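**Q** The structure's right below; bear with me while I get my questions together.
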Amino acid sequence: MSHLPSALPGTTTMAKTALPALSPEARGMMLGAAAATIWGLYLALARQGISTGLTPVDIAAFRYVTAGLVMLPWLVVAWPEVRAIGLWRSLALAALAGPPFILLGVGGYQFAPLAHGAVVQPATVTVLGMILATLVLGEALTRARILGTTIIVAGIAVIAGPGLLTGGGLTPLGDAMFAGAGVLWAGFTLLSRRWKVPPVAGTAIVSVISGAVMLPWALASHGVAHYASLPLGTLAVQVVVQGVLTGVVSVIAFTRAVGLIGASRAAIFPALVPAAAILIGIPVAGEWPTVLQWSGLALVSTGLLVAVGVIALRGR
């Protein structure tokens, strides 16, 4: 069939016109938004899992064992690339984005309500990520980023504020755990950028190391019978959401966003998690947002647009 033309006249030009190539900044924003949506889904299902009897160790095992199995073949094939990162850097990345991150972020729900985790952890990532990127990486701290981050944090406070005013005596412990998880992820963001870690390599390293830790930990803690007794639907959802989407896809997307738009800008996207969790919670948990929560969603969206420069500020 070599006599056929490779393309009809004008089709290449038309395709380029109809499907213009996205700029690196646009791709970074889309990847960051995708990661935030996946994290929102993870947040809703993690809270649901804790309320139905799963433990933080269960959720960490679903995430890292599954992700580790998915990424292990790639790690073997691309071993020279992984080896170039180095053992100590690999262990540092796994310590920041691995089991401690999930155990703190999910474990906090044993002591504090969902609203607390939805505000404390993302706000910590956003603010600390911006500060670290400025101090360590030398990224510009523009007025737009400061104002945008302020609006985002205000929106998160509006979303979760009512829940922050209620809680038991152990609520501060849960809040401290959420903040600790935020610190870990901000550190992961910073080191990924500073060491120029390839997104897939970073994901493979974190997943395989963490999976090797969590598999014996989970079996020693709960035993095979515990997992065999879980409903098949629960296992399937947790494996797909925790292991594949959260454990692999979101980490690659977020790390790639860091490389495209910078750590300071990328630190804005975790602030979208409360909004994503609230919207996803409508079908998952049957919870409709209140007027205050809708207002918070509007603030968060506006703050994001300001921080990434979509809404321009006069006199910058």
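Here the Cβ of each residue, glycine as well, is placed from N, Cα and C on the backbone.
Any TrEMBL annotation is an automated prediction that lacks curation.
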**Q** TrEMBL lists transmembrane segment for one of the ranges 25-47, 232-254; which is that range?
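**A** When 25-47, 232-254 are checked in TrEMBL, transmembrane segment belongs to 232-254.
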**Q** Are there residues at least 6 beyond the ends of the transmembrane segment (91-112) whose Cβ is under 8 Å from a Cβ of it, and what are they?
**A** 46-47, 50, 56-57, 59-60, 63-64, 120-121, 167-168, 170-171, 173-178, 180-181, 184-185, 187-188, 191-192, 197, 202, 205-206, 209-210, 213-214, 217, 251
**Q** For the domain 'EamA' (27-159), provide the mean pLDDT of the predicted model.
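**A** A mean pLDDT of 88 is what the model gives the domain 'EamA' (27-159).
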**Q** Mind checking which residues of the chain, 6+ beyond the ends of the transmembrane segment (62-79), have their Cβ under 8 Å from one of its Cβ atoms?
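**A** Answer is 98-99, 102, 200-201, 203-215, 218, 238-239, 242-244, 246-248.
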